[in-house]
Amino acid sequence: MWLTAGYPLWWALGLGQFAFWLFAVPMVIELVRRHHAGRPLFLPSGFTLWVLFLVWSVAGLVLVGLTPAGALAGTGGMLGAIMRIITYLALTVLMLYVGNLSRTELSDLRIARALGWLCLATVAGGLLGTFWPYFEFTSLVEMLLPGSLAGESYVQALVHPSAAQIMDVLGYESPRPKAPWEYTNTWGNMLSLLLIWLVVGWVARGSTRRQLIGVTAIAVSVVPVVYSLNRGLWVGLALSVAFALVQLLRRGRIAAVSLCAGAVALALAAVLVSPLLDILQERADNPHSDDGRAVASAAALRAAGDSPVVGWGTTRAALGSGSSIAIGKSPECPQCGNNTIGNNGQLWLLLIANGWGGTLLFLAFFAQAAWRHRGDLSLVGSASLLSILLLFWYMFFYVALTAPLAVSMIAVALLWRRSREKTPTVVSTLESGVR
């Protein structure tokens, strides 16, 4: 619970995604303790697929030093590849930890409320980034790092807390909120996922006070959502609403469907008559990153075609960008330079880093989990299923590491343990993992 509920503190300290590594240690210790105490260690169905994906990721390290066609030589960093694998391992531990705790030890509602609290922090960070975009400070971790390392742009994104990314998307510089996350795209991805749990833990199953806080947060989140200029987020929210309506229909909740549809209509009407509409229209007229994304995506496909089994181990810098074949940026061409192949979405990251083999294993694990538990129409079951399904939308635009993938892994754990605890017989470790 401290990992999710305390994340704003970890962000402020400069730990950010490294908090998932740190908290994986006591989780492993607890799992080992339970095993030594004679309690079975359960594994989710399809876990073999995930283990094979981890093996694929390690195997790809052999190719990190090589250069695929269309990539800049010497840009495959071993450190980044190893960090990515450590993150996958840490999130594996998180999934196993949640899945092995009974609902008596750690209830679904406690998890939903912790994620809902994190949503409140994300909404607050969005408002901070919208209205006070230049807010930033030096974190404790940043102070402790050597200056040469702390000054690296990638390290800065991880350890230097700031409210927004200032970007030229509409033809002029404008802030795009990101606190308490590393990037504005991560902020959008997380907000979309966490809103689900805010509804479950605070609005649907909370006290009057919690409900008021939750509804207010949802209402005010519209402002940073629009100012984030995040088209993937906008569509993702629409897909979430559509999914919720379908689930309500499957449960025969016709009145609830009508109420939700009316609330959505009112929200859209409010946006259409507000200044936010101008922002939406400006964003539609300025595709901004489309060319660069197309170039990077095509390069990832080519790289996967050249090494389809295990990929190339990690990302690479492309030769040029969607704006120019020039190698570096300049004042005359700020969009020139090198797109990072695999940095524009989890799918493209998987393709270049792990090839078609690793990509299929990764996606198959989540697909089988969603399919296996599709019949869970409960509130928590539906929220968990949606948290997994959204991965298949956002993978085209956002890299899921680290926090977004953590939410999806928690969702898998919730569905798996709910299904297991409905079964009257206790299955052994290996039996539950193989089935």
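Cβ atoms here come from the backbone N, Cα and C positions, even for glycine.
Here's what TrEMBL has on this protein:
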TRANSMEM  6-29  transmembrane segment
TRANSMEM  41-66  transmembrane segment
TRANSMEM  78-99  transmembrane segment
TRANSMEM  111-135  transmembrane segment
TRANSMEM  186-204  transmembrane segment
TRANSMEM  211-227  transmembrane segment
TRANSMEM  256-277  transmembrane segment
TRANSMEM  347-365  transmembrane segment
TRANSMEM  400-416  transmembrane segment
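The recorded stretches the transmembrane segment (256-277) and the transmembrane segment (211-227) share 3+ CB pairs below 8 A when only pairs 6 or more apart in sequence are counted, and are therefore in contact. Below 8 angstroms of C-beta separation, residues 31, 34-35, 76-78, 81-82, 84-85, 88-89, 92, 95-96, 99-100, 307, 310-314, 353-355, 357-358, 361-362, 364-365, 368-369, 372, 412-413, 416-417, 420, 427, 429-430, 432-435 of the same chain, each at least six residues beyond the ends of the transmembrane segment (41-66), sit close to that stretch. Two recorded stretches are said to be in contact when at least 3 C-beta pairs lie under 8 angstroms, sequence spacing 6 or more; the transmembrane segment (400-416) and the transmembrane segment (211-227) fall short of this definition. Contact between the transmembrane segment (211-227) and the transmembrane segment (186-204) is supported by 3 or more Cβ pairs under 8 Å, counting only residues 6 or more apart in sequence. Comparing 6-29, 78-99, 186-204, 347-365 for CB pairs under 8 angstroms to the transmembrane segment (111-135), the maximum falls on 186-204. The transmembrane segment (6-29) shares the most Cβ pairs under 8 Å with 78-99, out of the stretches 78-99, 186-204, 347-365. Long-range contacts of the transmembrane segment (78-99) within the same chain: residues 3, 17, 20-21, 23-24, 27-28, 30-31, 41-44, 50, 53-54, 57-58, 60-61, 64-65, 106, 111, 313-315, 353, 401-402, 405-406, 409-410, 412-414, 416-417, each at least 6 residues beyond the stretch ends and with a Cβ under 8 Å from a Cβ of the stretch.
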